[in-house]
There are 2 protein chains.
Amino acid sequence: MLEDKNQERTSLSSLGEFQLIEHLTKDIEAKQPTTLKGIGDDGAVLNFKDKRTVVSTDMLVEGVHFDLAYMPLKHLGYKAVVVNLSDICAMNAKPTQITVSIAVSNRFPLEALEELYSGIRYAARIYDVDIVGGDTTSSQKGMILSITAIGESEEDDITYRVGANPTDLLVMSGDVGAAYMGLQVLEREKQVFEVNPNNQPDLEAYDYLIERQLKPEARKDVKDLLKALEIKPTAMIDISDGLSSEILHICKQSNVGCNLYENKIPLDPQLISVCEEFNLDSTTVALNGGEDYELLFTITMEDFEKIKANPNFSIIGHMTQESEGVHLITRDDTKIPLKARGWDAVDEA
Amino acid sequence: MLEDKNQERTSLSSLGEFQLIEHLTKDIEAKQPTTLKGIGDDGAVLNFKDKRTVVSTDMLVEGVHFDLAYMPLKHLGYKAVVVNLSDICAMNAKPTQITVSIAVSNRFPLEALEELYSGIRYAARIYDVDIVGGDTTSSQKGMILSITAIGESEEDDITYRVGANPTDLLVMSGDVGAAYMGLQVLEREKQVFEVNPNNQPDLEAYDYLIERQLKPEARKDVKDLLKALEIKPTAMIDISDGLSSEILHICKQSNVGCNLYENKIPLDPQLISVCEEFNLDSTTVALNGGEDYELLFTITMEDFEKIKANPNFSIIGHMTQESEGVHLITRDDTKIPLKARGWDAVDEA
């Protein structure tokens, strides 16, 4: 897309740094009541009164975290915001502001940065957060995005990774594995495209997977859903690096063990059929895939009745004493230890 | 330094991302009373109660903002923190926390990252701020640092760029131009070194300039100094891009003009002599140099008596009606318009 010579291209070097930042941020307005002053001074000024402030930061690097060959810039901007907001949601807090820093090489024209920024602003609008600061600079190579997300929460609502108890239930929102398989589909298409640039891919059969990869969403709704159910999670994390890895984080920090049931892991039907097509085991994909940005949390057993029939959540296991370890209970009732970088049936069986 | 084969080198790829982050941050403690939870969860949790929260972010890119040929990694880490804290100070707020994101190519061994982190942590200790979050990832090329600084202030103390009045005095802390001349000295030495690597430079005559470039300080003390003088500045900014550029920022945002007096601009004696050696005009360097991280602010005329004899501050001019424009009044009483990217005597005279 960047190579399309018919598009208007404005060289970044024709603009000064101030001019560029002003151009990209000129009509950004602060809407959150907690934002007293947004962009335009040395710093933003926020007022959280008696609420707690939650802060999280993430860096995305071209060639490491994204490939512009199949990631449109607008989607990249959107996703970069979402992955940061997901961290705030994983504290059971409400995202309120972001700051955005971007470094780009001069191979990108101004129009590319505008496209990226349009995705960032779209995400900010959808998630109702203010863009209150940032930096735009040149890089020696490629594009680097660094976003810091800020949120607010009542102190009693904040949920850490520490806090799970040995009898708690393990619950997650949505389904897992789809974002990873979306990436596999896109990488295959990229290879096809490289061989035959005129090939028009038909990706309808993969639409859900691709959307999960290119346009993930943060589960900002879960805080309210749980509040409505009168459930306070005991521990919470977002599923960014794969279900297996996140379960181990909660277990390590809460000093508990866990039994995860293979037949309870929520998988989209499209994921199952595409895993078959790619000859991949869908449980392996679900455990190690990453980038789903669903929330994983623990609740006390007493809350079972409140959540068991809720279509937003799946109970996928239960916590145990730490000494019992962290295991996957397979469909044929075999107990397999979970590993940080996933699970390898051949190694462990 | 990175090329010294005698040093122990641990490849970054031998560590996983979690392991690397854990290694670099393992003994970081939160000390600020506002930090409820620092590193180790999806986000940090802060509590500013009835104070305002101030947030600022900056990105530093190798080859654009720093050159590792003469910037030791520990100094780089220190400086990266300081430039961000300076923005918080420029809001007349007190820095309290930072988040640190780093992207590095695999040309850097673990020991280089440790060195960088030691500078970051040293700055955090000196400035009494907590490191509450961050990200460490690989880059395709070079090193990129993104730091977000957070601070606190009573609402009444916060000082914006907007707020200067046409009769206010223009004041700055410290002196200007030295950091820029330090860079000129270092760049000259780099060229000498490239011709003759065995040359041992004698940089004693340049020690102040080099320190201002390699180890700048944020004027965290100014907030308290002004409080003790019972002065509330009407507008404030930090001098990161050059005195000229910062004055224009205040004038534009406050809708005022300014007369800056050449003979009032505070210059270190070493700056003056090295400008002569380099055949550069010291006023031009002072106006356009940048990276001094002093604070520039305006005060009402009534506060003149309180500040006039204070060795920490120099009164360098006064604000005017916007229609009068922004001018440098030279030593021979010529009035020259100030320009954003500095001042060119030949163009304007």
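In case you wondered, yes, glycine gets a Cβ from its N, Cα and C as well.
Annotation source TrEMBL lists Mg(2+) 3 binding site at A:Asp42, A:Asp87, A:Asp238. Here A:Asp42 (Mg(2+) 3 binding site) comes close to no residue that lies at least six apart in sequence on the same chain with a C-beta under 8 angstroms from its C-beta.
The feature Mg(2+) 4 binding site is assigned by TrEMBL to A:Asp42, A:Ser56, A:Asp87. Using a 10 Å radius centred on the Cβ of A:Ser56 (Mg(2+) 4 binding site) and all shown protein chains, the other Cβ atoms total 31.
For A:Asp58 (Mg(2+) 1 binding site), the count of additional Cβ atoms within 10 Å of its Cβ stands at 24 [all protein chains shown]. The annotation Mg(2+) 1 binding site is assigned in TrEMBL to A:Thr57, A:Asp58, A:Asp135.
If you look up TrEMBL, you'll see A:Asp58, A:Asp87 marked as Mg(2+) 2 binding site.
Among the features that TrEMBL reports, substrate binding site is placed at A:His65, A:Glu291, A:Trp343. In this view, A:His65 (substrate binding site) is surrounded by 20 other Cβ atoms within 10 Å of its Cβ, with every protein chain counted.
The DSSP secondary structure for A:Ser240 (ATP binding site) is coil. Among the features that TrEMBL reports, ATP binding site is placed at A:Tyr117, A:Gly134, A:Asp135, A:Arg161, A:Ser240.
Sequence-distant contacts of A:Asp241 (Mg(2+) 5 binding site), defined by Cβ-Cβ distance under 8 angstroms and a gap of at least six in the same chain, are A:Gly290. Per TrEMBL, Mg(2+) 5 binding site is recorded for A:Asp241.
Taken from TrEMBL, the feature domain 'PurM-like N-terminal' covers A:40-152.
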Does DSSP put A:Asp87 (Mg(2+) 3 binding site) in a helix, in a strand, or in coil?
-> helix
Mind checking which of A:Asp135, A:Asp238 has the fewest other CB atoms within 10 A of its CB? They're the binding-site residues.
-> A:Asp135
When each of the binding-site residues A:Asp87, A:Glu291 is scored by other CB atoms within 10 A, the minimum falls on A:Glu291
Largest C-alpha distance in Å for the ATP site residues A:Tyr117, A:Gly134, A:Asp135, A:Arg161, A:Ser240, as a whole number, is 32
Whole-number Å distance between the CA of A:Thr57 (Mg(2+) 1 binding site) and the CA of A:Asp87 (Mg(2+) 3 binding site)?
-> 8
A Cβ under 8 Å from chain B is found, among the binding-site residues A:Thr57, A:Tyr117, A:Ser240, A:Glu291, for A:Thr57
Mind telling me which of the binding-site residues A:Gly134, A:Arg161 has the densest Cβ neighbourhood, counting other Cβ atoms within 10 Å?
-> A:Gly134
Looking at the binding-site residues A:Thr57, A:Ser240, which sits with the largest number of other Cβ atoms within 10 Å of its Cβ?
-> A:Thr57
